[in-house]
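Undergrad: Annotations per TrEMBL:
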- Glu351: active site, proton donor (ACT_SITE)
- His382: active site (ACT_SITE)
- Lys510: active site (ACT_SITE)
Amino acid sequence: MSRVTNTPEWQKLKEYSNNLPHMRELFATDSARFNKMSLKACGLFLDYSKNRVNEAVLSALFGLAQQAQLPARIKAMFAGDIINTTEKRAVLHTALRAPKGAVVEVDGVNVVPEVHATLDKIESFVASITSGEWRGYTGKAITDIVSIGIGGSFLGPKIATQALRPYWTGKLNCHFVANVDATSLVEKLKLVDPETTLFLMSSKSFGTQETLTNTLSARDWFLQSGATQADVAKHFAAVTSNVAKATEFGIDEANIFPMWDWVGGRYSLWSAIGLPIALMVGMDNYRALLAGAREMDEHFTSAPLAENMPVIMGMLSVWYGNFFNAQSHVVLTYDHYLRGLPAYFQQLDMESNGKSVMLEGETVDFSTGPVIWGGEGTNGQHAYHQLLHQGTALIPADFIMPLQSHNPLGEHHAQLASNCFGQTQALMQGRTFEEALAELASSKLAEEEKTLIARHKVMDGNKPSNTLLMDKLTPATLGALIALYEHRTFVQGVIWDINSFDQWGVELGKTLGNDVLARLGADKAATELDSSSNALINLFRQGHI
Ligand SMILES: O=P(O)(O)OC[C@H]1O[C@H](O)[C@H](O)[C@@H](O)[C@@H]1O
């Protein structure tokens, strides 16, 4: 057995998991439950009272976090220790939102001045584009940004830009291209004019196939419009940690925004990768987003474990994954602007904690990262919520909702809120057979049929959920919310003693993809791989089935 499962806390939790009363009872016997199990931090409010926990469980979960040396591990991350051990890198997305005077050293060098110099460069770039001072090759101002990037170099800027729609300055449009499927690029190019479009190529490595291919095709399209090679500098900028490769590619050095190897892709929206956000919402709002995340960093590093929002959420996820075999976790945003968050948290968490080897190389003998999925409420209530209520899988849920809408209209927001709260209530309390039968009392059905239908209507309840509220969706609350999930992911990785910051599985896919590409274009049929891969490659070469 591995270390974490050997701790007395783990054994205690195992025992507790078999002996907990139904949540209905937990609420009925403790009128102060909500007060005890809710907290406010960084403009966010977390109600975690609708979880299968009591004080003993929580105290064992925090004990487990202590055993796993969570406080020391948090310190090590913020201090720039090489915690991404397989890639020998520090993990310092938090340095990207550190205030100007802070000192965060990597190899003895304080990185904060460089971070702020880049922020200042972003600021002047944003000012020059949005003021119209920056001109395209025919002398016109820029109206459209096409951001090309994938994975962490795409999803963060995309969902944050979408979430902050009410804060757009209205000076630009922004389009995102990620997939190498030409359709993605071609359809976006139909919407823009080469004379007024700026392409922003975002790639930490400057080596990602999809991004390079899309950028080359965008450049061809641009040149075909009558522009010359010299005009490229006015229409192409890049964000990368590989400045040499970007200049070699033909991007003007003045238009290259640096990032660093200590920023993981899925944690990079706080770096210059966030440039599309700054372009769309303006620099003050972009800085407010960083400040919101910074506030969550301060909370995470200073609050005691039992009052620490990311720790509470991370440990609850450990609780369900390791003691109730929950294999998935659903994120339900009751705000149309936040509809992209589930996909973002999916990337963040699944790429981070989809691991089965511990730091010292031992294979885990317990579950690690769950499947993260979700969507927008109330839409999901008319679809997959059925399984949340009556399916056989236990799926803990996070409900996220601002108390004030950016678009107050009649009773809409009250209805949205009533659905959100009503769902958490239904998940928690369920419906007993007696209640279902009572509901059928006045129906004309025969007694036998009433019994049968009542059986189908039974909902066990006791389904866990967190409710996260904020006054209003602002750049600062969005920053805090994203940082909350980043740290929640980190907490779980610490308990499982895995490296949440590498992604070897994704890397293998890339390598094999390149090998297959060579075979697709080869002058002979594929024969050397397994029979399925050979046949699929040969069908593609043939062009029909
Ligand atoms: O920014 P790039 O170097 O182009 O990488 C883009 C993406 O590539 C891979 O898929 C990584 O697993 C992601 O974490 C990364 O964000």
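In case you wondered, yes, glycine gets a Cβ from its N, Cα and C as well.
Keep in mind it's a predicted model, so treat the numbers as computed, not measured.
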Undergrad: Indicate the candidate from His382, Lys510 with the smallest number of other Cβ atoms within 10 Å of its Cβ, considering only these active-site residues.
TA: His382
Undergrad: Give the sequence-ordered list of residues that share a chain with the residue listed as 'active site, proton donor', lie 6 or more positions from it, and have CB atoms under 8 Å from its CB.
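TA: Set apart from the residue listed as 'active site, proton donor' by at least 6 residues yet with Cβ under 8 Å, we have Gly151, Arg266, Gln503, Val506.
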Undergrad: Whole-number Å only: compute the distance from the Cα of Lys510 (active site) to the Cα of His382 (active site).
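TA: Answer for this pair: 37 Å between alpha carbons.
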